[in-house]
Amino acid sequence: MGKGFFISKVVAVVCVVVAISAVATIIALSVVYAQEKSKNQETPTTATTAGPGTQTTTPSTPKEPWQRYRLPDSLSPISYNVTLWPRLTPNTDGLYIFSGYSTVLFTCVKETDLILIHSNKLNFTMFDGYHAQLKAVDGASAPQLKKSWLEVPTQYLVIQLSSPLQAGSTYELFTEFVGELADDLGGFYRSEYDEDGVRKILATTQMQPTDARKAFPCFDEPAMKAVFHMTLIHPHGTVALSNSMNYDGLNLIQTSFGPTEIMSTYLLAFVVCDFGFIQSDLGANIRIWARKKAIEEGQGAYALEKTGPILSFFEKYYKIPYPLKKSDQIALPDFSAGAMENWGLITYRETALLYNPAVSSNGDKEWVATVISHELAHMWFGNLVTTKWWNDLWLNEGFATYVSYLGANYAEPDWNMSDLIVLNEIIGVMAVDALASSHPLSSKEADVMRPEDINALFDSITYSKGAAVLRMLSSFITEEVFSNGLNTYLEEFKYKNTVYQDLWKNLQTAVDNAGIQLPHSVEVIMNRWILQMGFPVVTIDTKTGKISQKHFLLNPDSVVDVPSEFNYEWFVPITWIKTGAAKDQYWLLTKEATNADMTTGDGDWLIANIDMKGFYRVNYDSENWDRILTKLSTQHQDIPVINRAQIIDDAFNLARAKIVSTTLALSTTRFLNTELEYMPWQTATRNLDYFVLMFDRSEVYGPMQGYINKKVTPLFKHFEELTANWTKIPEKHTDQISPNLRTTVYCSAIAEGGAVEWDFAWKMYKSATIASEAEKLLYALSCTKQPWLLNRYLEYCLDPTMIRKQDATFTINYIAGNPIGQPLAWDFIRANWAHIFNDYGGGSMSFGRLISGVTKRFSSEFEYKQLLQFKEDNINQLGSAASSFEQALERTKANMDWVALNKELVFDWFTSEISGTV
């Protein structure tokens, strides 16, 4: 998701250097983590009055079909004909509403006297006491309706019939309804913005995963693909958009659209707005839509420039032409996710599509390119071919996350984007997957039923670990073979649904055709990576050549109570170099093995997991660690740059797991005063940020600051010289330096100022017309040291007129990132949880991130007990954050143990380092 980067104190020390670095990549002050994934934000819901006959309870053990969360397999939709009329002004009750009617054409697959169709928060027109009208097609007779009602818990319109529908026959179901065009960011909703002093309202959609049913009655499951015929009635002066091209131009009263391709309900989209657009007719008809002022200022130009090349890349990568006649992309002022891959009408947050070179940073530009690439990747993988059910969401989103870096790398070849997946996705998710409370990539269908279960899957495991294991697979079968397997998979299942085994079978065929020898089949190898949580730490003893693997846990004392049929062992592809020379890949297929080639002589050093293509950590015997540290201190360039970052990250995490000493981990940062590359520096700052979180309120913080300053000073001087005392823009650095420094400058000014400065920045935020600028100010406002200002800012988070709902979660997390704000944010969350849960949605995909952000500093018994008590007090109001509470409790316990064990040692090490010479 294109949201919410956190600036740590460590990053603040080095940010000026990092911001201007021209080495290897165009770099942001902080690379935004978690993509459209991101979809990890609010999709709250607002209650409306249910229709007559509503039943409100569902037994814990379902007995009737309408008490189950999955549709029966008796009916299959063919097409929908839907007309909707959104009202962009409130009615006499002050509500924004929409009205509509829908006809769904469906086939009876199995004889049944029951129709179940999803509906949520819609009020129906009654026809002779029933919620719908049914008729048969081709002159046949339809059974009479016997009873109809709304089953609220499972979100169904239930229709019982007096006699059964006949298998093989086709029927039409007509409904007429009214819904609220709420500001809840889900289903058919409204977004508001100001332009030239005028308040504007637009109507838009977010259907994924289960909110198409809020717009019109539908069979709202991914496997229930159909063709959609949409018509939108809208005011004069507005335009209407949907997945397919409109008929006869833009009719200002009623716009009808051509039939869509056969697709899932969650990919449907429609918008009514008065936006402007720019377009390109090269290949697909590409249009970028946004607020008129944003278009006039050229903020859509970069997206338009890069969409064509990225589409071309994927056409070559998949070996299949773009499946549609047009590609609309629209930037919305209010949008819960980073972006959504609606087929032919992709919706974005403004920060994920718009770019203004005058004020946007390099990180903003990188984010736009990556998110566009992610969404366009879905046009084939996810849309043309769709997974059958949400338990395989990881395949859809993990794949798009992985190849988004390939597409962005093609569009911006100077950025080394294919390497940055290590920083943006892999390193971060390893910290999550190293918890005993993690979860496997693939779940059983039976374990993912309720909407809140589905929403909970939109997490970093699904996106980032999914990307990591697919990248690993692509590496050991080669990218060319991977691409060939994708092609046959897409060709075989286009316009259909699949399970992950279908992909494995096609990749296996490609492997066999290429003559690649694997120790087991693709499916057998990959099952160990997707059907059990976690990953191994591989330990290599270079004295004996002994290699072993063990389930890596950040807290070695945590208990894994989820059994695995594989006993938490993996088939591990080990790539490695010895004294700089690449060696043949080795497969670790058992818990322990021996490879004599991995023994080293005097002066030799060995590094495994080259470029971090494998999803595992590596530990070595102490002698090899010493030789690696020596090589880093003398000729660090002999070690690949990604592996220099890997060495730091592995060492710090191995230390937290009590596998190596904390002093060894800290020693991996000694060479940084001679390091000019971004990735090792960024990895070091992230790991030292943990030390900041644990020690910034203790005596350790002073010596730690001194050490970091000692390491960054030579780098600062290097770039001072490179830029002629900051007057020259370095080669390959395509933007001004100043936009990259704004976040830090704003934050520092607010931190050193008081109410006057805070109010000035707040006024700037409210009047900002560029989303990326507003986002920087939103973060900077959390930097104040005044508790009363932070408390006021927290109150603003629950007032949508002050802070948009899409930004509330991240704003609270920004405040929690401030040492002064952290206890205030925790108190605020506890005091307002019921309101947050009810008004911002118990199924919100960002609740997990909220809990993680507010509790990341917790490291005391008192905080642990507070967290445990809060969980127990709200056990029925956790929604999709339930697993995040378990992870927070586990992290807090690990933090407590780590601080007790390391505080004195860390203080002594930093003190010793700053007393010596560089």
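Using N, Cα and C of the backbone, Cβ positions are placed for all residues, glycine too.
Automatic prediction, not curation, is the source of TrEMBL annotations.
Residues or ranges marked as active site, proton acceptor by TrEMBL: E375.
Residues annotated as Zn(2+) binding site in TrEMBL: H374, H378, E397.
What TrEMBL records for 43-61 is compositional bias 'Low complexity'.
Marked as domain 'Aminopeptidase N-like N-terminal' by TrEMBL: 77-267.
Summarising the annotation, TrEMBL assigns domain 'Peptidase M1 membrane alanine aminopeptidase' to 302-529.
Per TrEMBL, domain 'ERAP1-like C-terminal' is recorded for 605-720 (among others). The average pLDDT the prediction assigns to the domain 'ERAP1-like C-terminal' (605-720) is 95.
Look at TrEMBL and you will find 721-893 (among others) tagged as domain 'ERAP1-like C-terminal'.
TrEMBL lists 40-66 with the feature region 'Disordered'.
Marked as site 'Transition state stabilizer' by TrEMBL: Y463.
Checking each of the recorded positions H374, E375, H378, E397 against Y463 (site 'Transition state stabilizer') by C-alpha distance, the shortest gap belongs to E397. Cα of E397 (Zn(2+) binding site) to Cα of E375 (active site, proton acceptor): a distance of 10 Å. Sparsest Cβ environment among the binding-site residues H374, H378 (other Cβ atoms counted within 10 Å): H378. The local packing around E375 (active site, proton acceptor), expressed as other Cβ atoms within 10 Å of its Cβ over all shown chains, amounts to 30.
For E397 (Zn(2+) binding site), other Cβ atoms within 10 Å of its Cβ number 28.
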